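Per Swiss-Prot, the features are as follows:
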type	residues	note
BINDING	Gln46, Phe47, Arg48, Glu49, Lys50, Asn83, Ser122, Lys152	4-amino-2-methyl-5-(diphosphooxymethyl)pyrimidine binding site
BINDING	Asp84, Asp103	Mg(2+) binding site
Amino acid sequence: MNKIKSMLSVYFIAGSQDCRHLPGSPVENLLNILQQALEAGITCFQFREKGERSLAQNPQLKHRLALQCQQLCRQFNVPFIINDDIGLALAIRADGIHVGQKDTAVERILSRADYRPIIGLSINTLEQAQANKERLGIDYFGIGPIFATQSKADHAPAVGMEFIRQIHELGIDKPCVAIGGIHEDNTAEIRRLGANGVAVISAITRSNDIARTVQNLACHS
(Lines of atoms letter the chains of each structure in order from A and count residues from 1; the text may use other names and numbers.)
(Lines give C-alpha, C1' and ligand atoms only; values in the text may rest on other atoms or scores of the structure.)
Protein backbone atom coordinates (compact mmCIF):
# COMPACT_ATOMS: atom_id res chain seq x y z
CA MET A 1 0.00 0.00 0.00
CA ASN A 2 2.87 2.39 0.75
CA LYS A 3 4.13 1.96 -2.81
CA ILE A 4 0.72 2.97 -4.17
CA LYS A 5 0.55 5.98 -1.83
CA SER A 6 3.97 7.16 -3.02
CA MET A 7 2.94 6.69 -6.64
CA LEU A 8 -0.04 9.01 -6.16
CA SER A 9 1.97 11.99 -4.90
CA VAL A 10 2.18 13.97 -8.16
CA TYR A 11 -0.07 12.21 -10.65
CA PHE A 12 -0.07 13.70 -14.15
CA ILE A 13 -2.95 12.96 -16.54
CA ALA A 14 -2.96 13.96 -20.20
CA GLY A 15 -3.61 13.11 -23.83
CA SER A 16 -2.92 14.90 -27.08
CA GLN A 17 -6.28 16.71 -26.78
CA ASP A 18 -4.90 18.55 -23.75
CA CYS A 19 -2.03 20.02 -25.77
CA ARG A 20 -3.91 21.61 -28.67
CA HIS A 21 -3.57 25.10 -27.22
CA LEU A 22 0.10 25.02 -28.20
CA PRO A 23 1.48 25.60 -31.71
CA GLY A 24 2.62 22.55 -33.64
CA SER A 25 1.71 18.89 -33.34
CA PRO A 26 -0.43 17.97 -30.29
CA VAL A 27 1.28 14.57 -30.21
CA GLU A 28 4.77 16.06 -30.14
CA ASN A 29 3.64 18.64 -27.61
CA LEU A 30 2.34 15.90 -25.30
CA LEU A 31 5.59 13.96 -25.53
CA ASN A 32 7.62 17.11 -24.85
CA ILE A 33 5.48 18.06 -21.84
CA LEU A 34 5.63 14.51 -20.48
CA GLN A 35 9.42 14.46 -20.84
CA GLN A 36 9.71 17.71 -18.89
CA ALA A 37 7.27 16.52 -16.23
CA LEU A 38 9.17 13.27 -15.77
CA GLU A 39 12.46 15.12 -15.48
CA ALA A 40 10.83 17.40 -12.89
CA GLY A 41 9.70 14.48 -10.73
CA ILE A 42 6.11 13.42 -11.38
CA THR A 43 5.40 10.10 -9.67
CA CYS A 44 2.79 8.67 -12.06
CA PHE A 45 1.40 9.30 -15.54
CA GLN A 46 -2.06 8.42 -16.79
CA PHE A 47 -2.53 8.35 -20.56
CA ARG A 48 -6.05 9.67 -21.13
CA GLU A 49 -6.60 9.94 -24.87
CA LYS A 50 -10.29 10.60 -24.74
CA GLY A 51 -12.97 13.03 -25.84
CA GLU A 52 -13.32 15.60 -28.55
CA ARG A 53 -10.24 16.26 -30.70
CA SER A 54 -8.42 13.24 -29.25
CA LEU A 55 -7.06 10.21 -31.12
CA ALA A 56 -9.85 8.01 -29.75
CA GLN A 57 -11.20 7.46 -33.27
CA ASN A 58 -7.79 6.49 -34.63
CA PRO A 59 -6.71 3.34 -32.74
CA GLN A 60 -3.41 2.97 -34.59
CA LEU A 61 -2.22 6.47 -33.77
CA LYS A 62 -3.49 6.15 -30.21
CA HIS A 63 -1.62 2.85 -29.80
CA ARG A 64 1.59 4.37 -31.15
CA LEU A 65 1.34 7.38 -28.86
CA ALA A 66 0.65 5.17 -25.86
CA LEU A 67 3.82 3.19 -26.57
CA GLN A 68 5.85 6.38 -26.87
CA CYS A 69 4.52 7.66 -23.54
CA GLN A 70 5.13 4.28 -21.92
CA GLN A 71 8.72 4.27 -23.17
CA LEU A 72 9.34 7.69 -21.62
CA CYS A 73 7.85 6.60 -18.29
CA ARG A 74 10.03 3.49 -18.24
CA GLN A 75 13.15 5.61 -18.65
CA PHE A 76 12.26 7.34 -15.38
CA ASN A 77 10.81 4.28 -13.62
CA VAL A 78 7.45 6.03 -13.31
CA PRO A 79 4.22 3.97 -13.41
CA PHE A 80 2.30 4.25 -16.68
CA ILE A 81 -1.48 4.06 -16.32
CA ILE A 82 -4.07 3.97 -19.12
CA ASN A 83 -7.51 5.47 -18.71
CA ASP A 84 -10.32 2.96 -19.32
CA ASP A 85 -9.04 1.35 -22.56
CA ILE A 86 -8.58 -2.19 -21.26
CA GLY A 87 -7.67 -3.62 -24.67
CA LEU A 88 -4.84 -1.15 -25.18
CA ALA A 89 -3.65 -1.38 -21.59
CA LEU A 90 -3.35 -5.16 -21.64
CA ALA A 91 -1.90 -5.25 -25.17
CA ILE A 92 1.07 -3.11 -24.18
CA ARG A 93 1.15 -4.34 -20.57
CA ALA A 94 0.62 -0.94 -19.00
CA ASP A 95 1.46 -0.75 -15.32
CA GLY A 96 -2.14 0.06 -14.53
CA ILE A 97 -5.65 0.95 -15.63
CA HIS A 98 -7.91 3.67 -14.27
CA VAL A 99 -11.67 3.32 -14.65
CA GLY A 100 -14.72 5.42 -13.85
CA GLN A 101 -18.00 4.31 -12.33
CA LYS A 102 -19.45 3.65 -15.79
CA ASP A 103 -16.33 2.20 -17.40
CA THR A 104 -15.03 -1.36 -17.64
CA ALA A 105 -15.73 -3.45 -14.53
CA VAL A 106 -12.74 -4.20 -12.33
CA GLU A 107 -13.59 -7.91 -12.32
CA ARG A 108 -13.46 -7.99 -16.12
CA ILE A 109 -10.02 -6.39 -16.11
CA LEU A 110 -8.68 -8.94 -13.65
CA SER A 111 -10.19 -11.87 -15.56
CA ARG A 112 -8.62 -10.76 -18.84
CA ALA A 113 -5.18 -9.78 -17.58
CA ASP A 114 -2.34 -12.32 -17.43
CA TYR A 115 -0.53 -10.06 -14.95
CA ARG A 116 -1.67 -7.92 -12.03
CA PRO A 117 -2.14 -4.32 -13.16
CA ILE A 118 -2.59 -1.45 -10.74
CA ILE A 119 -6.28 -0.52 -10.78
CA GLY A 120 -7.71 2.87 -9.86
CA LEU A 121 -11.39 3.76 -9.56
CA SER A 122 -13.00 7.20 -9.75
CA ILE A 123 -15.14 8.10 -6.74
CA ASN A 124 -17.58 11.02 -6.54
CA THR A 125 -19.86 10.16 -3.61
CA LEU A 126 -19.46 8.77 -0.11
CA GLU A 127 -21.77 5.92 -1.11
CA GLN A 128 -19.39 4.92 -3.90
CA ALA A 129 -16.46 5.05 -1.49
CA GLN A 130 -18.26 2.86 1.06
CA ALA A 131 -19.34 0.35 -1.57
CA ASN A 132 -15.81 -0.08 -2.93
CA LYS A 133 -13.60 0.36 0.14
CA GLU A 134 -12.92 -3.38 0.53
CA ARG A 135 -13.51 -4.45 -3.05
CA LEU A 136 -10.78 -6.76 -4.25
CA GLY A 137 -8.60 -5.50 -7.05
CA ILE A 138 -8.98 -1.77 -6.47
CA ASP A 139 -5.66 -0.28 -5.43
CA TYR A 140 -6.61 3.37 -5.09
CA PHE A 141 -9.45 5.87 -5.46
CA GLY A 142 -9.38 8.93 -7.68
CA ILE A 143 -11.65 11.30 -5.77
CA GLY A 144 -13.31 14.36 -7.20
CA PRO A 145 -13.61 16.57 -9.00
CA ILE A 146 -12.68 18.57 -5.92
CA PHE A 147 -13.29 21.82 -7.78
CA ALA A 148 -14.99 22.58 -11.09
CA THR A 149 -12.68 21.90 -14.02
CA GLN A 150 -12.62 22.56 -17.75
CA SER A 151 -10.13 19.79 -18.50
CA LYS A 152 -12.87 17.14 -18.67
CA ALA A 153 -16.08 17.87 -20.54
CA ASP A 154 -18.02 15.04 -18.89
CA HIS A 155 -16.95 15.52 -15.28
CA ALA A 156 -19.29 14.94 -12.33
CA PRO A 157 -20.32 17.80 -9.99
CA ALA A 158 -17.53 19.21 -7.82
CA VAL A 159 -17.46 17.72 -4.32
CA GLY A 160 -15.30 20.26 -2.49
CA MET A 161 -12.25 19.74 -0.28
CA GLU A 162 -14.32 18.57 2.70
CA PHE A 163 -15.11 15.41 0.74
CA ILE A 164 -11.53 14.27 1.38
CA ARG A 165 -11.94 14.67 5.13
CA GLN A 166 -15.34 12.95 5.09
CA ILE A 167 -13.89 9.88 3.41
CA HIS A 168 -11.29 9.53 6.16
CA GLU A 169 -13.88 10.11 8.90
CA LEU A 170 -15.76 7.08 7.56
CA GLY A 171 -12.67 4.97 8.22
CA ILE A 172 -11.93 4.43 4.55
CA ASP A 173 -8.18 3.95 4.31
CA LYS A 174 -7.89 3.15 0.61
CA PRO A 175 -5.09 5.26 -0.92
CA CYS A 176 -6.62 8.26 -2.67
CA VAL A 177 -5.56 10.91 -5.14
CA ALA A 178 -7.56 14.12 -5.47
CA ILE A 179 -8.42 15.52 -8.89
CA GLY A 180 -10.29 18.42 -10.40
CA GLY A 181 -9.32 22.08 -10.43
CA ILE A 182 -6.14 21.44 -8.48
CA HIS A 183 -3.20 23.80 -8.81
CA GLU A 184 -0.09 24.84 -6.94
CA ASP A 185 -1.92 27.09 -4.47
CA ASN A 186 -4.43 24.55 -3.11
CA THR A 187 -2.23 21.46 -2.99
CA ALA A 188 -1.09 21.91 0.62
CA GLU A 189 -4.63 22.03 2.00
CA ILE A 190 -5.69 19.01 -0.06
CA ARG A 191 -2.82 16.98 1.36
CA ARG A 192 -3.52 18.23 4.88
CA LEU A 193 -7.07 16.90 4.65
CA GLY A 194 -5.73 13.43 3.93
CA ALA A 195 -5.23 12.94 0.20
CA ASN A 196 -2.13 10.90 -0.64
CA GLY A 197 -1.55 12.92 -3.75
CA VAL A 198 -2.85 15.33 -6.35
CA ALA A 199 -3.79 14.56 -9.94
CA VAL A 200 -3.57 17.36 -12.48
CA ILE A 201 -4.00 17.97 -16.18
CA SER A 202 -3.92 21.67 -17.05
CA ALA A 203 -1.73 22.66 -14.10
CA ILE A 204 1.10 20.98 -16.03
CA THR A 205 -0.01 21.11 -19.68
CA ARG A 206 -0.58 24.87 -19.44
CA SER A 207 2.35 25.66 -17.16
CA ASN A 208 4.97 28.16 -18.27
CA ASP A 209 7.52 26.47 -16.02
CA ILE A 210 6.82 22.75 -15.68
CA ALA A 211 9.77 22.07 -13.39
CA ARG A 212 8.63 24.72 -10.91
CA THR A 213 5.00 23.58 -11.11
CA VAL A 214 5.87 19.96 -10.37
CA GLN A 215 8.12 21.03 -7.52
CA ASN A 216 5.33 23.11 -6.00
CA LEU A 217 2.79 20.31 -6.40
CA ALA A 218 5.18 17.96 -4.62
CA CYS A 219 6.58 20.25 -1.95
CA HIS A 220 3.98 19.40 0.68
CA SER A 221 4.11 15.63 0.17
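Here the Cβ of each residue, glycine as well, is placed from N, Cα and C on the backbone.
Bear in mind that the values here come from a model prediction, so they are computed numbers and not experimental data.
Features recorded in Swiss-Prot, as mapped to the structure shown.
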{"residue": "Gln46", "record": "4-amino-2-methyl-5-(diphosphooxymethyl)pyrimidine binding site", "contacts (Cβ under 8 Å, 6+ apart)": "Tyr11, Phe12, Ile13, Ala14, Ile81, Ile82, Asn83, His98, Ala199"}
{"residue": "Phe47", "record": "4-amino-2-methyl-5-(diphosphooxymethyl)pyrimidine binding site", "contacts (Cβ under 8 Å, 6+ apart)": "Ala14, Gly15, Leu65, Ala66, Cys69, Gln70, Phe80, Ile81, Ile82, Asn83, Ala94"}
{"residue": "Arg48", "record": "4-amino-2-methyl-5-(diphosphooxymethyl)pyrimidine binding site", "contacts (Cβ under 8 Å, 6+ apart)": "Ile13, Ala14, Gly15, Asn83, Ile201"}
{"residue": "Glu49", "record": "4-amino-2-methyl-5-(diphosphooxymethyl)pyrimidine binding site", "contacts (Cβ under 8 Å, 6+ apart)": "Gly15, Ser16, Gln17, Leu55, Ala56, Lys62, Leu65, Ala66, Asn83, Asp85"}
{"residue": "Lys50", "record": "4-amino-2-methyl-5-(diphosphooxymethyl)pyrimidine binding site", "contacts (Cβ under 8 Å, 6+ apart)": "Gly15, Gln17, Ala56, Asn83, Asp84"}
{"residue": "Asp103", "record": "Mg(2+) binding site", "contacts (Cβ under 8 Å, 6+ apart)": "Asp84"}
{"residue": "Ser122", "record": "4-amino-2-methyl-5-(diphosphooxymethyl)pyrimidine binding site", "contacts (Cβ under 8 Å, 6+ apart)": "His98, Val99, Gly100, Gln101, Phe141, Gly142, Ile143, Gly144"}
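Among the listed binding-site residues, namely Asn83, Asp84, the Cβ with the most fellow Cβ atoms inside 10 Å is that of Asn83.
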